[in-house]
Amino acid sequence: MTDARRPRSPQSQDLSVRPDKKTRLGSASPARPGTPVKDEPNTKSGGKNSSRKKKQKQKHTLPEPYTAEFVVATDVANLLGQETVDAAVAEGSEWSSPFQHREELELTVSALSSSGDSLSVVPSKPWVIVTPLALPGEKIRVRVYRSARLYSYADLLDVITPNPEFRDMSRVQCKYFGKCAGCQYQMLSYEKQLDLKRDVVVKAYEHFSDLSPSSVPTVPITIGSPLQYGYRTKITPHFDAPPKKLQKSADKPLVTIENKPDWVKIGFNQIGTRQVMDIEDCPIATPTLNEALPPLRKNIIEHAFLQPSSDQAAASELMSSTNTGHTLEKHVCVTDHKATVRERVGDNTFEYIAGSFFQNNNSVLLPLTSYVRDAIFAHHPSGPTAPPRPTHLVDAYCGSGLFAITLARSFQKVAGIELSEDSIRCATRNAQLNDIPPDQCSFMSGDAANIFATVQDFPRDQTVLIIDPPRKGTDAKFIDQLLEFQGALVVYVSCNVHTQARDVGTILRKSEARGGRRYVMESLVGFDLFPQTAHVESVAVLRLV
Ligand SMILES: C[S@@+](CC[C@H](N)C(=O)[O-])C[C@H]1O[C@@H](n2cnc3c(N)ncnc32)[C@H](O)[C@@H]1O
């Protein structure tokens, strides 16, 4: 089941470039994150009860590195402090929650995690309660539902004393806010959201880059999205198959839009669960998508729930809209994931396949691509000893060519690479659509690291590399070739600032270790591609000096 509004699914990541981070979650533990840890029993077991006892042994699993839960676990460890974590590990109490399942508690929120969840240190023992939708300083009532290492997750039952400095419920524009897992921040002012996202970028580099503070530039306020609602150009409502007993029953239920039973739910995940909740409109999605939602829901009901063979696995329907920015151009909704979608970004037109990657907030793409252009040209050093101006661009992980094409007119030559063949076909077509000749701008499909072999004739001191990898970040193979290539400037755009921090830390340290010229981080800023949610995009600019 997918929900395009949640972070893309966690991916496993080789920790070899950040071996020290394993200790952050408890240095005395021999466990790697992501591996099950079995509790040792207190007494020796044997005889006929031993297999039952073995089954009773609890399995504890640390989160996969760089997933949302890994970030929460790191925030918890940092809130408690390394000494406290070490003491709990030495005592063997780090998995022993002081709370029963479904126990209700009253707490005061201590801090916010980078996931957007609140963190409350409990008074009785070094332990943290992780709760959605609560804010620092608020007194809250919660119900515990799952425990992990040094923390428990709890549902928010009530905000007993709100923090009036931050919370204003009259700002909330969605009737599902508080239940739907899509948004976390609708009760905050937009300025506060941008401020919190800056903190996420700062903390990511503090905890995941292993760089000294002096190597990390001051992070300015997050750059906002022109649209704060009605911006999302792609949503993925999903739904569960009918309950098993109904599927097996000879009398198939009559499901129509007018006669919709309670089990028919088409929408997004409910907070803290994998259950789908019924959603009739989504204020962060474009008006075009919201207009299309009722007929789409009717269509799903008539065609999915009436089919007796409905699969147990959840099905999903993809929707995306063209959002050209031209008021005279008609915006339409596309539900076929193989269909071609057209969008405008400034003066450029882009086509992409609905099911392939394209940034989901059209309103921020002109500011984002202009920021990258300014980072390359407006901030180019001046003076008699200044390096030559950039003339060549490499766009790695280029998708349908967003950066390559918006910036192509500023460069003599551009080369893009991307794993998806569909996206590369679109990137090539997009160059044509925007009158960029093929000898100026070329695209190839393949692993990003393959690009270096094809750009050996690019003048290194005039070449800029843009990298925009998926959430898991880039890899050692790419980083090693990037260091070998020595392009003048690297612009690293990322939808996961935690893997970006890890990768930038690796690039800076490895380039220093090589001797000679080295990369330094010139600027670092968050971009708000997803207002009302806790997600932040981040742009780091590295210059070879
Ligand atoms: C975050 S998207 C960025 C796309 C593009 N820069 C944009 O803004 O539209 C990351 C892209 O990397 C591609 N990708 C994933 N792994 C890759 C790899 N190993 N080599 C090249 N591209 C890859 C994905 O298909 C996806 O299109």
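Easy rule for this one: first residue shown is 1, then count along the chain.
Cβ atoms here come from the backbone N, Cα and C positions, even for glycine.
Summary of the site annotation: TrEMBL records S-adenosyl-L-methionine binding at Gln359, Glu418, Asp468. Screening the candidates Tyr352, Tyr371, Tyr397 against this entry identifies Tyr397 as the one listed for that site. In the shown protein chains, 24 other C-beta atoms lie within 10 A of the C-beta of Tyr397 (S-adenosyl-L-methionine binding site). Other Cβ atoms within 10 Å of the Cβ of Glu418 (S-adenosyl-L-methionine binding site) number 28 in total over all chains.
Under 8 Å, Cβ to Cβ, and six or more positions away along its own chain, Asp468 (S-adenosyl-L-methionine binding site) finds Asp395, Ala396, Tyr397, Cys398, Gly399, Phe403, Tyr492, Val493, Ser494. Spanning the residues Gln359, Tyr397, Glu418, Asp468 that the record associates with binding S-adenosyl-L-methionine, the maximal Cα-Cα distance equals 15 Å.
With helix defined as DSSP H, G or I and strand as E or B, the domain 'TRAM' (98-158) counts 0 helix, 32 strand, 29 coil.
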